[in-house]
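Feature annotations, courtesy of Swiss-Prot:
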SIGNAL    1-18  signal peptide
DISULFID  Cys44-Cys61  disulfide bond
DISULFID  Cys51-Cys65  disulfide bond
DISULFID  Cys60-Cys69  disulfide bond
Amino acid sequence: MKLTCVVIVAVLFLTALADDSRNGLENRNEQERNENEMRDRRDCQDSGVVCGFPKPEPHCCSGWCLFVCA
């Protein structure tokens, strides 16, 4: 009886703390949209421009840097 009560309380507690992921896709799309807007706003280098060490800034617009922006 005590074990049953403990299990019920634990399940209720975990259910109350569970993450609501019903609109997870919507939130993910919103986050990607915000990242794209920030990428457009900041200064970035076009493809073919030297990037990376020893020149860490500015970043490549594509997000890929292999000694030159991809």
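Glycine too: its Cβ is placed from the backbone N, Cα and C atoms.
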Since the record lists Cys44, Cys51, Cys60 as disulfide-bonded residues, which of them has the fewest other Cβ atoms within 10 Å of its Cβ?
Cys44
Out of Cys51, Cys60, Cys65, the disulfide-bonded residues in the record, which is closest to Cys44 (disulfide bond) when you go by Cα distance?
Cys60
If you measure Cys61 (disulfide bond) to Cys51 (disulfide bond) at Cα, how many Å is it?
11
Compute the C-alpha separation of Cys60 (disulfide bond) from Cys51 (disulfide bond), stating it in Å without decimals.
7
If you skip the near sequence neighbours and keep only those at least six away, which residues in the chain come within under 8 angstroms of Cys65 (disulfide bond), Cβ to Cβ?
Cys51, Gly52, His59
Taking the Cβ of Cys69 (disulfide bond) as reference, which residues of that chain separated by at least 6 in sequence fall under 8 Å from it?
Gln45, Asp46, Ser47, Gly48, Val49, Cys51, Cys60, Cys61, Ser62
